[in-house]
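A.B. asks: As annotated in TrEMBL:
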- B:86-282: domain 'ABC transmembrane type-1' (DOMAIN)
- B:21-46: transmembrane segment (TRANSMEM)
- B:90-111: transmembrane segment (TRANSMEM)
- B:123-141: transmembrane segment (TRANSMEM)
- B:153-173: transmembrane segment (TRANSMEM)
- B:193-220: transmembrane segment (TRANSMEM)
- B:273-290: transmembrane segment (TRANSMEM)
Amino acid sequence: MDMQVPMSDESTAQLKLRRKARKRRDLKKSLPLYILLLPSAVLLLIFAYIPLYGLVMAFQNYSPALGVFHSPWVGFDNFMQFFRSYQFPITLRNTLVISLYSLAVNTPLPVALAIMTNQIRKAGFKKSFQVISYLPHFISTMVMCGMILIFLSPQSGLVANIFRLFGAKLPDLMSSSSAFAHVYVWSDVWQNIGWNSIIYIAALSGIDPTFYEAATMDGATAWQKIRNIDIPMIMPTVMILLIMSVGNLLNVGFEKVLLLQNPLNLGGSEIISTYVYKIGLQNFQYSLSTAIGLFNTVINVILLLGVNWLSKKTTDTSLF
Amino acid sequence: MALAIPHKVKPKKVKLSGKDLAFQIFIYAFAILMILAIIYPLWFIIIASFSNPAEVANGQVWLWPSHLDFKGYQALFKQPIIWRSYGNTVLYTVIGTAFGLAVNIPAGYALSRKDLVGRKWINVLYVIPMFISGGLVPIYLTVKGVGLLNSFWVMIIPFAVSPYNIIVARTFFQSSIPESLWEAAQLDGAGTFKYFFSMVLPLSKAILAVLGLWTAVGIWNQWFNALIYLQNENLQPLQLILRRILISNQQVAGNTTGQLAAELQQLSDMMKYASIVISTLPIMMVYPFLQKYFNQGVMLGSVKG
């Protein structure tokens, strides 16, 4: 145990010494904690920070024979090559369309679902409803895409058969560039709306019940209570989640898009991240691919900081 | 426990006004429609996987399997690669989950301790990779550089650290393990290790369950890393093999001479339904029992750290 010596008795030199000793003691006490951190720190260093250094490839004409340290520098040439290529406007537009569409649909719908779930009065029904609505979240991306393809098959799919019941014919959605974003976003709603609502349901259940009691006393209808109590109370949660999704805006579900792509819908489905994959690991243009990926990351970080700042200013909620 | 979901509010028996009654009816109707919209596609996959393929394709199967038929399952299980990849997936999931917990939980604990010297900066170093990554090619070259390409361990080691899970664990330790416990343990002469392993971990079963489940589901569903890092078919997980059946529409083995094209297409469809069932059933079966933990995880993740 350390003794507390009254400060006034000490000269500054002693104080310094004491502070140093204290620091050493603290460091010694932290040693076991550093050991607990060690495995993750080593892995993070190798598999997150070394690749981060590898970003310099974006400014090089990288050749595997020369490595990151000896490849020639080319400045912004790789970026310019991407900006000038015909793929640039296509991939940028598709990325923005899919991600903004997704954001516009997947932000309000789970909130609405949570408010609705909160209105269900029979506890048993509410519970089963929740269990069922979370269920599709656990389907893997691979299986989800398989289901989309098999259900939307224009010859034998379930949706085509339902259309046929009504004498209509289902168009071949997966071969259409313009339908791609709709298929992507609405299948996502089916899979994740329930799961995404959990957090809002939790926020709603934390609201002080006296608010509702007072509102009932004043003769408020259920709808008025939702508008004047529920929505304002969960707004901060909505904002935080919105900031986080904007920070990942350009990282739209890469795996899902890649799996649903085919040569016929490529005009609507080639996004920046799938292009990075093709250029990098299929065409082996390492530097160009890294540059495009870096462009994506930079835009994401700018968006994150921007929306965080905006939210801080306007609603006083922010991530950091 | 801090994890407990906020108190239940007992609904007061209040007579519903006309407007509110209509509102309630609307809500129940909508909820039932939504349940059907979620359950029916899943149910259809199951019955279609057992039905006569021609009848499925012609739209004669709606609510119940017609003419039980197991051709899809037979064709699927005849392939040795299905069994092998299923085994691989189980191995990756079990070992990967254990490894992930062993790496992330101690880190979360260390970062939760206020007396960790340099805590603030270490935190920043753990958060940065969440937003900025080296990207596909630099990560690929690094994994290749350390010699993990085409190795079993590429599915376990490189992506085991999850800053997000570490933050969730940190939040849990901060909010659920009182600091006075550590002070008491110190008075009893316990060091950090002894305290962590014999006191903190036994109190942290909830967070172990949550993060264990998340990690397990993530690994079970993983395929892209296998696509780029595992050319060796014997090491590939189930999800990657499913890609051939579900997405590329390939027969797994070419042993299909003498069959008509239409029949072949039908068999391929049956294999699709069957493979969806066999790959998704395990998680769907255990999910309702573990649901509670998944919910808690979302709640923990939402607490601002």
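Using the three backbone atoms N, Cα and C, a Cβ is placed for every residue, glycine included.
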A.B. asks: Please give the sequence-distant neighbours of the transmembrane segment (B:123-141): residues at least 6 beyond its ends with Cβ less than 8 Å from one of its Cβ atoms.
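C.D. replies: Distal contacts: 107, 111, 158, 163-164, 166-167, 228-229.
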A.B. asks: Counting Cβ pairs under 8 Å to the transmembrane segment (B:273-290), which of B:21-46, B:90-111, B:153-173 comes out on top?
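C.D. replies: It is B:21-46 that shares the most Cβ pairs under 8 Å with the transmembrane segment (B:273-290).
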A.B. asks: Cβ pairs under 8 Å only, please: of the recorded stretches B:21-46, B:90-111, B:153-173, which one is richest in them relative to the transmembrane segment (B:193-220)?
C.D. replies: B:90-111
